[in-house]
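Reviewing the structure listed below.
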Amino acid sequence: MLKGKHIVLGVTGGIAAFKAIHLTSKLTQEGAIVKVILTTGAQKFVTPLSFQAIARQPVYLDTFDELDPGEIQHIALADWADLVVVAPTTANLIGKYAHGIADDLLSTTLLATTAPVYLAPAMNVHMLSHPAVKANLATLKRRNVTMIDPDEGYLACGYVGKGRMMEPEDIVTFLRMKQREKKMLTGKKVLVSAGPTKEIIDPVRFLSNHSTGKMGFALAEAAHQLGAEVTLVTGPVQLETVEGIKRIDVVSAEEMNKAMLDHFAGQDIVIKTAAVADYMPKKQYQHKLKKQPGDLQLEMVRTPDILKGLGEKKTTQYLVGFAAETREIERYGREKLERKQLDAIVINDISSMETGFGSDDNAVHFISKQGANVTLPQASKQRIAEQLFTEILKEVELNDR
């Protein structure tokens, strides 16, 4: 899938720059035509000659080193590229790209290109988790920049943790998969629910849960990248939506139920990740409840069972539910699969701090009515979302929907 592709490979100034030489070789072996841009920092770790010998293409170093006076270098490279890959990507480049700073050849090319952009971050584990870096990465993801998530392991700085650039062979596999799956959902409609609900007690108090919506948003983004027309129904969360996804904000379980039912018809795939409250106060107080001596008793009533309702109404939709469990996760998941008339269920063990509510990672089991039983080990929620769609697409093709 990479044969004949024009790839601009940006290399920034990190110790992982040496891996970019191997990546250039692997991409060239795949039949891609690779043009390399080395930043000033990258040149302190690797030399242009190495890339030139492997790629058999000019290596670009600086905005003002015009190899051809008849063209503007960053515009020519931006227009030539079928895809742009930056590996490794430093925190500095991530910050510049997120804020539109264009002060060298690589940054100007990134702003000028309309080709898909892939970033492979590589840095110290604490740098990667710094709020500024996380915010910049989130900004770029909203702009449909694809992250090649770093691996965990021993880092050059001596730390152990996430931040090691993905191995070149794995990056090539990732790019190949992205090219193959790029438009696998073109013409399809996907409906995703995400986040918690809030059940109002009075103007100050409410009932809710710890869901942040990260998994649901990751699934919506993955479907969008695969070419689907995506509708995202979300409870109250602190997340922003990538361009091109239709977002519907709700608060309560009743509002989410209505939104899901209103948009259910005509969907091809429906994924309900939202952590919906099972109960709500029978009465909503118009004024703040004052503290009184003794205990307070609230009468609670059941909220609509959204997933069960969708299961009863589905015709050709492929319906996927989520189950957050703390014990006997597979048994409870299978029971829910049958009880709610689902096509598949994704079960995650929320007892782990590393993969529970609010974490950036997840680890899940995918079980389907057709017999699939796949364990997806701990990875970023973005990567888990991509892997889940791989499994869902297998099922959809199997059912010939």
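Cβ atoms here come from the backbone N, Cα and C positions, even for glycine.
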Exercise. Say TrEMBL lists K288, P304, D305, I306, L307, F322, K336, K340 as binding CTP: which of D268, D278, D360 is in the same site, per that record?
Worked result: D278
Problem set entry | Between D278 (CTP binding site) and C157 (active site, proton donor), the C-alpha gap once rounded to whole angstrom | 47
Exercise. Which residues, sitting 6 or more apart from F322 (CTP binding site) on the same chain, put a CB under 8 Å from its CB?
Worked result: M215, I271, K272, T273, I345, V346, I347, N348
Exercise. Residues with Cβ closer than 8 Å to the Cβ of P304 (CTP binding site), same chain and 6+ apart in sequence?
Worked result: A253, E254, N257
For this session: Could you check the recorded positions C157, I306 and say which one's CB has the most other CB atoms within 10 Å?
Result: I306
Exercise. What is the pLDDT of the domain 'Flavoprotein' (5-174) when averaged and given as a whole number?
Worked result: 92
